[in-house]
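One structure, pasted below without further comment.
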Amino acid sequence: MSLSEAVNGPKPSNPERPETFISPMNRKLYDSNVTFEEYLHYAKHTRAEEEAEQHIPQAGLLQQVFRRSSTAPEPPPLGPAHHNGVSPGHGGVDEKAGKDVAAAPNTDQEATQPRRRSILSRHSIITEDEWRSAARAMRTATWGAGFYLITTDILGPYGVGFALGTLGWAPVFAFMAGYSGYLLWQVYLGLDSYEYPLRNYGDLAYRTMGNVARYVVNILQSIQLLLICGQVIIQNGQGISQTSKFRLCYAVCIILFVIAGFFMGQVRTLRNFGIVSMIAVGLNLMVIFISMGVMAHSPPNYGISVLGSAGSAVDPDSIAPDAQGKYPPIKHYNGMPPSAIVGAVNGLMAAVFAYGGAQLFVEIMAEMRRPWDFIKAMWLAQFFIYAVYLIYGCFVYYYQGQYSFTISYMGMSVYGFQAACDMMVVFAGLIAAGLYGNIGIKVLYNQVLQEIFNAPPLNTKAGKYLFASIVPIYWSLAFVVAAAIPDYFGFVSVIAAFCIVQFSYSFPPIIHLAYTMQKNAIRGGEGFDETTGETRRSDHGIKRLIRGFFADKWYINVWHVIHAGGALATAGLGAYAAIDGMIEAFKNPQVNAFTCTSPLNLNP
């Protein structure tokens, strides 16, 4: 099941009388007795079924997003202790039929007939095939929806001009972010199945490295999603405040956005977010085109540059007016600005923030009808985002130079266009924040409320009500955390260094390496026997992992070690720069979101 198991080996069994087989249907969600080989076995079955369906004609992009399945059966409620609602000795409830479903005990006779095993109740029998069909029916999202979900995370282009202003005319690449998505996709296809569905990033860590890794990933992901939701709240609160010309109390601006989030957060499925994501992508593109046109025909917003421009991060003198109030001319750097390591690293973190969407990839794949197609949606989205980011970022940096603001459209000097962009981003940001909040609440609900407190499944009426009640609490908490930090620029750097670098650049090669070592260590005659439920291994320990490391294409494993090490080093450097910047920010407290004075108001 994990690296620790590969070292210590599976639990011994009596070869003359195998242990009673326990069906996946009757397993707990995180059952330490399920081995890595068992996950591989059922994943191969699932991928074979999906491959057999590849010949089915697919509709166009719009039909992919809007199409609703009319043939998929309604899935039964999911249980708190198990992937699909039933665990040994515990009953479930079929809401539609109003029936209690009790788990039948396993017998040795059942162990020899795994495909005929079933769950008995007073009124009906749920067979394994029906159970698998229900698990399959929960996957409804298409690759078109996946494309729009990924491109919804288009918060980054507004900071690329700023990143170039702190790094110079250095190329910003999205390739490594796409490569990380490719690694996650490979591991997902190798370990996900209808019997043991992968639901989140933490599940990948659990099946490759064990429970400790799952806890670390889930905690870090929960923090990241909460902080990003808070970052979007603050960004758009500032936009509303700027549009009102600071006449509206800043705290009220923030609260208005949070209240709107209460309603957006009620969308529970990613497939439905795929529909509204089209609107967010269109609005963001409109903002990009409008701001490009305005910047090309008007000067930068010089006054606001002291609050978070590239010049304020690397060379404050480059944006300081002279005695006559005249600002320095626009300038550019071909390389990294001299004597500006901390500012340049913070700019790098802004670039990392721009491409940090991998934390959502597993959740998107988990709701896709055909996970094979995720790679198509992911690469198409990455190339689209890369083109938009690079073109827009270079354009902003060319016309605004050191005055490139952290949130580019706020750096325009023409109020009418500035206000229009602010309002369009408010609506697009609401959708993006809703997406992050949705994933964050699901991680909290599944990993804490269901696993520890036995909360009802999300697809039951009680689960839906509980989910709806958590949404305002989650958004309020995100607001409080983000509002307490006075330095928006530093806040973004903290999120990037401590969270986004890990999920987009560090964790994917580490997880893929753990997966590859265990998979390649399997020899002929080893593996999982579905009839007996036994996992056969000829050896275990460090030598097994070393054999797996060098078994096939070892140079790729070496590259992944270097990749992960470089990403962790970058994260450490970014954390140092972010903390250093935050210390300076708290020495001179700025306006936070608990007051009526906007942090963008230069004349409070």
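Heads up, the Cβ atoms here are built off N, Cα and C, so glycines get one too.
Per TrEMBL, the features are:
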- 140-519: domain 'Amino acid transporter transmembrane' (DOMAIN)
- 1-24: region 'Disordered' (REGION)
- 68-119: region 'Disordered' (REGION)
- 141-160: transmembrane segment (TRANSMEM)
- 172-191: transmembrane segment (TRANSMEM)
- 212-233: transmembrane segment (TRANSMEM)
- 245-263: transmembrane segment (TRANSMEM)
- 275-296: transmembrane segment (TRANSMEM)
- 340-362: transmembrane segment (TRANSMEM)
- 383-400: transmembrane segment (TRANSMEM)
- 412-436: transmembrane segment (TRANSMEM)
- 465-485: transmembrane segment (TRANSMEM)
- 491-515: transmembrane segment (TRANSMEM)
Other than its close neighbours in sequence, what residues sit by the transmembrane segment (465-485), given a CB gap under 8 Å and a spacing of at least six beyond its ends?
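Sequence-remote neighbours of the transmembrane segment (465-485) are 226-227, 229-231, 233-234, 254-255, 258, 261-262, 265-266, 268, 437, 440-441, 444-445, 449, 455-456, 458, 491, 582, 592-594.
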The transmembrane segment (491-515): which same-chain residues, six or more beyond its ends, come within Cβ distance under 8 Å?
2-3, 159, 176-177, 179-181, 183-184, 186-187, 190-191, 201, 204-205, 208-209, 217, 220-221, 223-224, 227-228, 231, 234, 346, 349-350, 352-353, 355-359, 406, 482, 485, 557, 560-561, 563-564, 567-568, 570-571, 574-575, 577-579, 581-582
In the same chain, who gets a Cβ under 8 Å from the transmembrane segment (172-191) while lying at least 6 residues past its ends?
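Here the qualifying positions are 39-40, 43, 47, 160, 163-164, 198, 204, 207-208, 351, 354-358, 361-362, 365, 371-372, 374-375, 378-379, 382-383, 385-386, 389-390, 393, 504-505, 508-509, 511-512, 515, 519, 560, 563.
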Between 212-233, 340-362, 383-400, 412-436, who has the most Cβ pairs under 8 Å to the transmembrane segment (245-263)?
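Comparing 212-233, 340-362, 383-400, 412-436: 412-436 has the most Cβ pairs near the transmembrane segment (245-263).
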Below 8 angstroms Cβ to Cβ, which residues of this chain, lying six or more residues outside the transmembrane segment (212-233), approach it?
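Non-local partners: 2, 30, 155, 200-206, 254, 257-258, 261, 359, 429, 432-433, 436-437, 439-440, 443-444, 447, 474-475, 477-479, 481-483, 488, 491-492, 494-495, 498-500, 502-503, 507.
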Residues sitting near the transmembrane segment (412-436): Cβ under 8 Å, six or more positions beyond its termini, same chain?
149, 152-155, 158, 225, 228-229, 232-233, 235-236, 239-240, 242-243, 245, 257, 260-261, 264-265, 267, 270, 273, 276-277, 279-281, 283-284, 286-287, 290-291, 294-295, 298-302, 360
